[in-house]
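Annotation source TrEMBL lists domain 'Fatty acid desaturase' at 5-225. The transmembrane segment annotation in TrEMBL covers 40-59, 131-151, 157-178.
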């Protein structure tokens, strides 16, 4: 069952860095970190996302656009404007690549302070890097598969980040419950988000986009936020104070 454990590690490792680094740091900047720590996190994101590595720059800008244009025709990913999840994800991929390769003009409000490491992104996003990771995944499976059905998990390792994305950006706008009535279709997928480490509290997040903790109810435990609190206590990052509403 080493293969199953390997896929679980990739699932939660890749998901953590997508949520922690790409989402809460690059897009929303709910905490700060040193430049050295930022570079280390770039590399760790590449290691855990592997063949489906996402750039903090491209992701951060696209996610800010999602919040600004949620469920309108300018939203980079919305079930309201695509016939199926494959069409939505293909459009998301196109917009992400256009942003990341700076092929389109972007409003400055979306680019402000988004972390960018061009040389590393170019390598980590290259065909060579992606094929290298795919080759390593295939080799690992070839060495440790113990049952035929385990091979069915292999495509998940290739496309881990897009799978994480479609769960939130498609299903998180169709299924689930809401704590806040809003002018968009965002939903909370789980009452306890064991699968997506807090990202599944999507309705909460759309209501309070700049909060580090996506949970609102007592049972909505945000696992990524708990890890963030530990990293903050260790001095590796610094959570920004939450503004007090008067």
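Including glycine, each Cβ sits where the backbone N, Cα and C put it.
Just so you know, TrEMBL annotations are computer predictions that nobody has curated.
Sequence-distant contacts of the transmembrane segment (157-178) (same chain, six or more residues past either end, CB-CB distance under 8 Å): 6-7, 10-11, 14-15, 18, 49-54, 66, 71, 77-80, 85, 88-89, 92-93, 134, 137, 184-191, 195-196, 199-200, 202-203. Confidence annotation: the domain 'Fatty acid desaturase' (5-225) carries a mean pLDDT of 97 in the model.
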